[in-house]
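The ATP binding site annotation in Swiss-Prot covers G13, I14, D15, G16, S17, G18, K19, S20 and is backed by sequence analysis.
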Amino acid sequence: MKIEKPIFVVFEGIDGSGKSTLCKSLTEKLTERGIPSVNFTEPTNFETGKYLRKFLRGEIDLERKEQIDAFLNDREESLRQNILPSLESGKNVLLDRYMYSTAAYQSGDDLLPETIIEKNLKKNFKIPDLLFYLDLNPAIALERLSQRKENKERFETLAQLEKIRSAYNRILPKETIRIDGVKGPDEIVQECLEIFLRNFNKKFL
């Protein structure tokens with residue numbers, strides 16, 4: 001089975017919502033069906049992304065403007081080296097986090113999430129064909145995170161996750177597909193697979 005035009009799919013959600021697992025699992029499901037697909041994550045594994053991960057782990061501090069600039073630089077590399085070449089080669093691209101994460105996580109009283117989205121759009125970054133948002137109560141997400149790893153990242157507190165969830169609700173476009181993150185991972189993967197196939201079945205040959 002081939003796709004006439006590859007699809008760019010983005011997964012968003014607060015930490016602990018299950019989006020990373022979903023991104024990988026859906027890629028596997030599509031590949032099993034003979035639909036060429038690849039998944040990536042932001043921040044990337046390039047030097048620009050490694051720099052950001054140091055910030056996320058609390059190893060370095062960045063002013064808000066520096067954070068935004070760093071994410072924009074990494075996103076340019078993500079598109080140039082990962083996303084666009086894969087789409088051009090005929091593969092669907094499934095991406096764990098994109099510009100909406102930057103707007104939700106890096107916004108504050110001195111920089112609104114809407115302004116961060118505008119900064120991304122001015123860069124002419126590619127708009128996803130499908131945007132999934134895993135919605136989950138921050139308290140449940142935090143409990144999941146506490147069971148998963150010892151070292152917290154700087155945004156993994158209840159107050160921060162509540163702020164981030166609120167910011168997401170402000171900036172996600174109306175066509176965003178919202179998924180209940182309380183559901184089991186297998187159920188969520190199946191739901192997203194059906195949505196993918198239903199929306200783009202006309203493009204299958």
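Keep in mind that glycine also has a Cβ here, set from the backbone N, Cα and C atoms.
Not measured: the values here are computed from a predicted model.
Feature annotations (Swiss-Prot) mapped to structure.
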residue	record	Cβ within 10 Å
G13	ATP binding site	27
I14	ATP binding site	29
D15	ATP binding site	23
G16	ATP binding site	24
S17	ATP binding site	27
G18	ATP binding site	22
K19	ATP binding site	25
S20	ATP binding site	17
For the ATP site (G13, I14, D15, G16, S17, G18, K19, S20), what does the 8 A shell look like? I mean other same-chain residues with CB within 8 A of the CB centroid. L134, L136, A141, G181
